[in-house]
Structures are given as structure tokens and as C-alpha cells.
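Since the structure comes first, as C-alpha cells, the remarks are kept for the end.
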Amino acid sequence: MAKRELQDKGSTEHRAKKKSRNEKHTKKAEDSQASAQSSETQYTDPKEPSPAVIEKFLEENSVKITDTLEGATKLHPITSFSHLPTCNSALYRPLESFTSPTAIQSATWPFLFSGRDVIGIAETGSGKTLGFGLPCLKNLQDSAKKGKPYKPTAVMISPTRELAMQIHDQISKFAELVDIKVACIFGGVKKEEQREALKTAAIVVATPGRLKDLQNDGSVDLGKVKYLVLDEADRMLDKGFEQDIKDIIRPMPVSKRQTVMFTATWPPVVRDLAATFMTSPVTVTIGGEPSADPRANTRIKQVVEVVKPHEKEQRLVQLLNKYQKGPSSSDKILVFCLYKKEAVRVERLLWNKGFKVAGIHGDLGQQERFKSLESFKKGVSTVLVATDVAARGLDIPSVKLVINVTFPLTVEDYVHRIGRTGRAGAEGHAITLFTEVDKAQSGALINVLKAANQDVPEDLLKFGATVKKKQHDAYGAFYKDVDTNKTSTKIVFDD
């Protein structure tokens, strides 16, 4: 009897908690809708495009917009900078050097300027930094008119320090015009300077690990953050930052926070994160249906050459001589190696062959990495040899060609590598030297090539089209899923 009463009591408490959670979620959705509707009254499209123009834009850019909020006002893509909401004209001044918004900017801006939570699923190099950055700055400007804004008011989290620095640099160009301070927080450097920057920063761009450290020691209070961006969410979760992200978000307000997530893929773990921290988000997909599998930019011409391991470096020199001659002698070429020692050896080889080469890999300090990147960006060096530390998020303008000397450990990293070319609407070119050593990745690579309508060489097909099971982070190739519902086998020993 006592056991029955205890079960009834537990069941009652469970129902009460569930009801409380549902009521809380409903109220949050209502608050979000009210906020969005309030913002929508401020945002008006001065030249609303015709249905035919909208349909053409969506079709040409493979844009799909899914809004889960019932009764929400239907907003149209912002296809011209002249359609942006009114604000301090100085904020929009840098836009004069651009002709028109990118597809991801056009599709997400109406919702972001209206205060809605947004999930953007798009390739790297699609202009998403400005996509989430401009609405954030406009939001901060509006807050400043009502009084002194709390610091920090906006937090933007990225998976690597290189990407954090890139986001910081791009947003700072706009922020400094309207007197908004931006701090860049990442590991590998002393914390004291970062603590000082946090005292005046309205926007914090950070990697998860260092931000959590500063949060834990009381250097930063995130209790009044109103604008949160998770950039390259899939990559952050791949790197094991899920718990750090949850700890960072926990003290932030719920109903008054606008949350933005950008991701290149849409696996279950990213969906779960979105379901946990976002309210009735609008999902904007560029380039077809969202997929859990990595997809390459279709504007990149992918070429796979099957070679013998000892032929790779000789073939690399041949390719560089071919693609850096005559009028193309100053074209930027990014060369990827798998290991640091390999990168150092290849860099030395190319230097001895007379190429203007720089290197970036894990053994270099922050200043050395920065120096190499700047040299490559400015054209002082026309070849950059890198390991995967530079594969994700770096925005290096006008990379004409990516060469993979050694195939990466995963096809996801392959997609990230070649994504350094063909950015911001430009055409790109990637050449991969594939050997028998890499044959475990042949099936996954073939799928990426086919999905992007690229040629699959016969030599690659010989390795097989089977996709190998992804290894577990902790248990490697010996990991297997265990069916916990399966009846155990009883083992009986004879006497």
C-alpha cells in the first residue's frame, strides 16, 4: 500500500512538473511572438517585391523558409540594401562596397530584424557573419536610445579562435562607426587583457572554452544577454563543446533573448540543441533540404586524382606550376596537409622550389599564425600550407584553388577544407590527391561528389562506394551501438 501511494505521489509530481514546463514554454512562445510582432510594426519593406520576384529569388538560390510560429506575419526576403530598416546611416556605410545581399542575408534579415529566433543552414562563405551581425548592431543601437545598454548585451560563440577573430574583425568595421565596443575572447593568450576588454564590450565574440573559464571566475556576467549567436553549431558539437555551450547559456534570460544558430549540417544533436534553447525558430535553408550529411558547395569544381603516396609531393609541385603561371602567378592557393610534420616538410619543399609560401599549423603561436594569414591575405605569400586548424571558418578572399595533399580523417573535414574557395558567390576549384591509404573514406567522398554533381573518377570507384561507420570519439573504430532492449544471453558452464 505504501509503495502504491509513493508511486501515485511520484506520478502526480511528474505531471505537475510537465505541466509547469509546458506552461513556461507556451509563455515563452507568446512572449517571442509578441516581441516579433512589436518589431514587425517597426520593420516595413519600402518596396515590397512582387510574388514573381520573390518566387524567382527563392528558386534561383534554392531557399527554403520554414516558420513554426502560428499566426506570424509573413515576411519577404530583403533583396536590396535600400530595403533595410531605418537606423543611423553610419551603420550601413560599409555596405556601399557591396552590390546586394547574399542569399542567406536576404532570407534571414527580415526575421532577425523582427526579433525572431532563426536557424540558418548554409555553406561556409555565404555571408552569414554579416547576416547575424547587422541585426545585432541595429538591436544595440535601438537599446542605446532607451538608455545605457548592459554590457555585454550580445554574445557570439564560434568553434575556433581563427573564426572568432574573423567574426570580430568583420563586425568591428561596422561597430566602430556607431561607437559599439566588441571584445574577442579565445584561449592561448593571457586572460588579463580579455578581462579588461569585457568591462566595456557590448558584444562578445568568443570560443566556448575560454568564455566558460571567464564566466566561472566571475570576469563576465551573462545574465542580461539579449542576443545570442551560435555560429557553426555543428562544428562546435563535433569538437565536444556541447556541455560548455549549455553552461554558458544557462544564466541568460529566456523570454527576452533572441537566439540565432548557423550550421552547415542538420544532424540530430544540432536539432536537440536548437529545441532546448530556441523558441519557435524560423528555419532558413540555402541549397536544398537540410541534411545530416556534409554537402560541398556546388560552385566548387572538385577534382580527385588517385596517386601513389610517394608521388604526392611531386604532383603538388606540378599543379602549383600549372596554376601559378602567367597572369595567374599571383593567384592564392591553399594547400592542406594532415599532420604538422607533413605541413612543415611541404612548406620547406615549396620554399626551396621558389614559391612564395607561408604556413599555419598547430605548433605555431598565435602571432605566427596571424603573420602567416596576413601575408597570404595581402598577397605577399601566394601559397599557404595548412593543417585542419585553418580549415574551418577562415575568410580569406579570392582563394582560387585548394589542394589536398593528404585526405583528412573525415569527409566533413574535406568539405570544410574545400569550402575555403568558392566563397561569397564566386566559383571555386579544389584538387584532392587520393591514395590507397585513404580508401576507407572513398565511399563518403563519392557521395559528396555525387551530391554536388561532380565527376567521380573510375580509379576512385575501384576503392568501393561503401560508407564506413563513423568512429566514436572515445572508442574509435571498435565502437558499436548496443541495443539495450535486447535480452541478455545466459552463459551456463558445465560442472
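Note: Cβ is positioned from N, Cα and C throughout, glycine not excepted.
As recorded in Swiss-Prot, the features of this protein are as follows:
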BINDING   Ala122, Glu123, Thr124, Gly125, Ser126, Gly127, Lys128, Thr129  ATP binding site
COMPBIAS  1-14  compositional bias 'Basic and acidic residues'
COMPBIAS  15-27  compositional bias 'Basic residues'
DOMAIN    109-284  domain 'Helicase ATP-binding'
DOMAIN    315-464  domain 'Helicase C-terminal'
REGION    1-49  region 'Disordered'
MOTIF     97-105  motif 'Q motif'
Where Gly127 (ATP binding site) falls in three-state DSSP terms: coil
Ala122 (ATP binding site): secondary structure state under DSSP, collapsed to three categories: coil
Counts by DSSP class (helix H/G/I, strand E/B, coil) across the domain 'Helicase C-terminal' (315-464): 68 helix, 26 strand, 56 coil
PLDDT averaged over the residues of the domain 'Helicase C-terminal' (315-464): 90
Cβ neighbour count (within 10 Å, all chains shown) around Lys128 (ATP binding site): 25
